[in-house]
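Undergrad: Once you've had a glance at the structure underneath, I'll fire off some questions.
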Amino acid sequence: MRSTVLLLSVWLFTCQGIYAYIVDPGPTVIATKGKGALWPKPKSQTISQRYSVIKRPTFHFQVVNQTCDILTKAIDRYQKIVLNVGNDSRRSLFGASRPEKISTRRSWRSDVNFNEYLEEVTVNLKAPCENLPYLGMDESYEIIVSETRATIESFSVWGTLRGLESFSQMAVLSNDGSMLYVNLTTVADSPRFSHRGLLVDTSRHFVTLCTLIKILDGMAYNKLNVFHWHIVDDHSFPYQSKVYPELSDQGAYHPSMIYTPHDVQNIIEEARLRGIRVISEFDTPGHTRSWGVSHPQLLTACYDQYRGKLGPMDPTKESTYTFLFKLFQEIVEVFPDQFVHLGGDEVGFECWASNPDVMEYMKQNRLYSFEMLEEKFIQRIVDQIDVLNRSSLVWQEVYVNGVRLPNGTVVHVWTGNRQDLLYRITSDGLPALLSSCWYLDHLSTGGDWRKFYNCDPHDFVGTQKQKNLVLGGEACMWAEVVNDHNILQRIFPRVSATAEKLWSQEEVTNTDDAARRLEEHTCRMNLRGIPAQPPNGPGFCI
C-alpha cells in the first residue's frame, strides 16, 4: 500500500510539474479585434454585426455646427489616424497588395453584414468652443454609426475630442487586410472622474520637448486630461524663469537641458489642443537643492555633522517669501490652469535642527516642533497663491501636519493608508486626489498593469458626499531611472490601467476583459507611434 501511495505521489508531482511548462502556441492573451472595443471602456456601447466599409480616398469628417481651432486641428489629426489604420504598408502585411490572393478572398460586397460605404462622419458640436480645459469640463459625447449615417455629437469641444478618439478606435482593418471598416455602433459616454492625470518628473532626467509631446499624444489616446508637470526638483532646475533666469542658467544640468518660455508655451498649447490641462509643480520647502546653486541664501545652512551642506528652504527669512511670491507671480501668468501644485512633501529636518538661527527663531515664535515650523512656511505659500487668485494642490504631508488650508485646496495622497487618509481629508470637507497605488516607477514582473487596475479611488468607507470630494487621481512617472530612451515604454500601456479606472464606471472591474482590450489598445498605440511595451506577455502586433 505504501508503494502505491508513493508511486501515485511521484506521478502527481511529475505530471503537475510538467503541466506547469505546457503552453499553447500563440499569444498569451488574445486581443479583441474586429468590433471596435474601446479603451477606456465607455459608459454605454451597443455593437451590431453589420458594418460599413470606410472608403479611404473620400473619407472625411464634416463639421456641421460650431467650430474653432481646437476642433479643426483635431479633425486633421484624427483624419490621418483613421486612414493610417489601413495604410498600404500595413495592408501589405496581410497580403492585400498581392493580386494572387484577391481571388481567394471573399468580397465584402456579398457579405450579408455589409451595410454600405462610409465616406463622411458628421461632427456636431452643439455649443460654442471653450478656449482652455478646466476641472469639471464636460467631456461627454455620443457616437452613432447606423445604416444611414455616422455622427459624433457633444455639447462641448472637450467631449468632441473624446468622441473623435473613440471613433478612431472603432476603425479596424479586416483579418485579410482587404478593408477598413466600422461596425454599426452606438456609444453614449462620459467620465467617472473629472481629474485624470499623469505626473511627469523632468528634473531627475531631462525629457525633451518631442518626447513630452508624444506623452501628450499617448494621454489623449487614453482620455487622460491633466499633465502634472513636476518640472524642477533637487537635482536640476530646467525651467527658465523670466524673473530669475539664473535659476536655470546655474541649476540646470546643461544649457541644452532647459525649457525656455517658448518651450513651455509649446507644451501648454499642444496640451490644450488635446483637451489636457497643464498643472505645474514647484515643490517647496524641500526638494529645492537645485535652487540653491544660484540662490544659496534661499536654503538653510547646515551645521554640526552636516556642515557645508544646504537643506530645505530657510523659513525664518522674510526674503525667502519675497523671492517665492515674485516667482509665483510669474508662474500663474505662464501656466493658465486654476491650480498650482505647491508640493510640500518629504521635508528633512536635519539642517533645521542643526542651524542655531532656525532654533532661535522657533524659540522666539513658540514653535515646538519642526512640523509646526513647516506648517508656518507652507501657510505663507498657500496664502500667496490665494492672493494670486489661484487654488493650491498640496501633497498629503501639508494636510497631515495641520496646515490651515483655504476651501478648495486639493490634498494629493501618495503614500500610507490611502483609505484612512481619503476618509479624513474628505471628512474635513477638502477635495482629494489619489496617486499612491499608481506609481509607474514601481515595477513588477509580467503585466503589472493589473495592480494599477485593481485600485479604485472610492474604495474607502465614507458617505456619498465624501466620495464626491475625490476629484480623481494621477499616475506618477518619477524619473530617477527613466529618460528619453525609456520613459514612453514605462508609461504606456501601464498608465492605461489608471486611465480606465478614472474614466470608466465603477463596475468595470473584469481584468480578463481588460487584458484583451489592452492587448489591442497597445498595438493601436504602437501603430500611432507610441512605443508602448507589451502588456501581458508573449504576443504580436500587426
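Any Cβ shown, glycine's included, is placed from N, Cα and C.
Annotations in TrEMBL come from automatic prediction, not curation.
For reference, TrEMBL lists these features for the protein:
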- Glu346: active site, proton donor (ACT_SITE)
- Cys68-Cys129: disulfide bond (DISULFID)
- Cys302-Cys351: disulfide bond (DISULFID)
- Cys523-Cys541: disulfide bond (DISULFID)
- 38-170: domain 'Beta-hexosaminidase eukaryotic type N-terminal' (DOMAIN)
- 193-505: domain 'Glycoside hydrolase family 20 catalytic' (DOMAIN)
- 1-20: signal peptide (SIGNAL)
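Help me picture these features in the structure, burial and contacts included.
TA: The number of other Cβ atoms within 10 Å of the Cβ belonging to Glu346 (active site, proton donor), over all protein chains shown, comes to 14.
Within the same chain, residues at least six positions away from Cys302 (disulfide bond) with a Cβ under 8 Å of its Cβ are Gly308, Lys309, Leu310, Gly311, Glu350, Cys351, Ser354, Asn355.
In sequence order, Ala31, Cys541, Ile542 are the residues near Cys523 (disulfide bond), counting only same-chain partners six or more apart with C-beta under 8 A.
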Undergrad: Pull the DSSP breakdown for the domain 'Beta-hexosaminidase eukaryotic type N-terminal' (38-170) and write it out as helix, strand, coil residue counts.
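TA: Across the domain 'Beta-hexosaminidase eukaryotic type N-terminal' (38-170), DSSP assigns the residues as follows: 44 helix, 36 strand, 53 coil.
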Undergrad: Under 8 Å between C-beta atoms and at least six apart in sequence, can you list the same-chain neighbours of Cys129 (disulfide bond), or say none if there are none?
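TA: Spatial neighbours, sequence-distant, of Cys129 (disulfide bond): Gln66, Thr67, Cys68, Ile70, Leu71, Val157.
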Undergrad: For the domain 'Glycoside hydrolase family 20 catalytic' (193-505), would you mind checking the mean pLDDT of the predicted model?
TA: 96
Undergrad: Counting Cβ atoms within 10 Å of each candidate's own Cβ, which of the disulfide-bonded residues Cys68, Cys351, Cys541 comes out highest?
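TA: Output for this query is Cys351.
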